[in-house]
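Asker: So TrEMBL has the following annotated:
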COMPBIAS  B:1-12  compositional bias 'Basic and acidic residues'
REGION    B:1-21  region 'Disordered'
TRANSMEM  B:31-51  transmembrane segment
TRANSMEM  B:63-82  transmembrane segment
TRANSMEM  B:94-115  transmembrane segment
Amino acid sequence: MSAFDAAVGQEVSNRLERAQGHIARHAAGALASKRIIAGYGFWIFLLSDIVMFSAFFAAYAVLVDATAGGPSGQSLFNLGNVGIETTCLLLSSFTCGLASIGARTHNGFWFYGAMAATFILGATFVGIEIREFTGMIALGAGPTRSAFLSAFFTLVGCHGLHVTIGLLWLLTMMAQVFAKGYRADILRRLLCFSLFWHALDIIWVGLFTMVYLMGVAQ
Amino acid sequence: MSHTEQDKHSHYADTAPGDESLDGYEAAEDVGTYLIGLGLATLLTLVSFFISRTTLVWEPSIPVALAVLAIAQMGVHLVFFLHITTGPDNVNNVLALAFGVLIVLLVIVGSLWIMAHMNHNMMPMDQIMQMQS
């Protein structure tokens, strides 16, 4: 056997060894932790929720001019209110992030404080939205007035419903951390909750742009 | 960070959406990430509200500007709040997101496109009335 053959043989066996090591490490990594599986599964759910919202967005965009002689968005929308709502939701997204940091560092002051702030901001958002809805209905611009208003109440109301459910979930998570501590399964639920809350803010970005800002700019 | 250490972080394990990918965990650094996100999102929101009522720009460009600003803000939220990154530990999350975006675009653009054509091809209402009488 020549020196060249020996060198090639050595190189081949070296590569084989490295490849085997690589595969072994991958096999070990293939068992994802429960936190990753839960987070990923919830991420898939959130994306399907966003797909559902896209159908409501599409319906709104198609029906936005179908006012049937009734009021249009330009006369109904109050951008001052929308600005406050947007500020509330954006700040609550931030405080929700702080709460997840507090939970990971097991810091009760940060966790409960940030969760309480998130709840107050979220509840303010829902309160302003309910006031807006009842004001519109009192003006005779309820969901039955025109196709535009049906689509408006469905889209914005569905988002408001999500925020309301999120608020209930938030209180549940505070109670669970209080009763059971920062256990791994509780932290997984908390991860899903913060994903949910951040996703609601993303939907609100699309909503205030397409419904309110474009409605007023027309 | 040495190469092997980086290897350990990025190559085998995936990261759950919403989690920071580094496990050498610094709370202060994480607060910084959220603060940057909050600042950028606030800026984009303010510009959106300003653009919607301004007379400074050419009017037909306003909806396009609003759409671009909204998409930018969604990107900011995804990166700084949901921690969706282009890193190798985030491939699964990004691919799921890409599929979601595809469906959203198909539903919204497809609906608008088809309904605009149907509106265009529909007979005006008064002519339908005449045919019925």
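Heads up, the Cβ atoms here are built off N, Cα and C, so glycines get one too.
Model, not experiment: these values are computed from the prediction.
Could you tell me the structural context for the features on the list?
Answerer: Long-range contacts of the transmembrane segment (B:31-51) within its own chain (CB-CB distance under 8 A, at least 6 residues past either end) are made by residues 20, 57, 62, 65-66, 69-70, 72-73, 76-77, 79-81, 83.
Here the transmembrane segment (B:94-115) has long-range neighbours at 78, 84, 86, meaning same-chain residues at least 6 beyond its ends whose C-beta is under 8 angstroms from one of its own.
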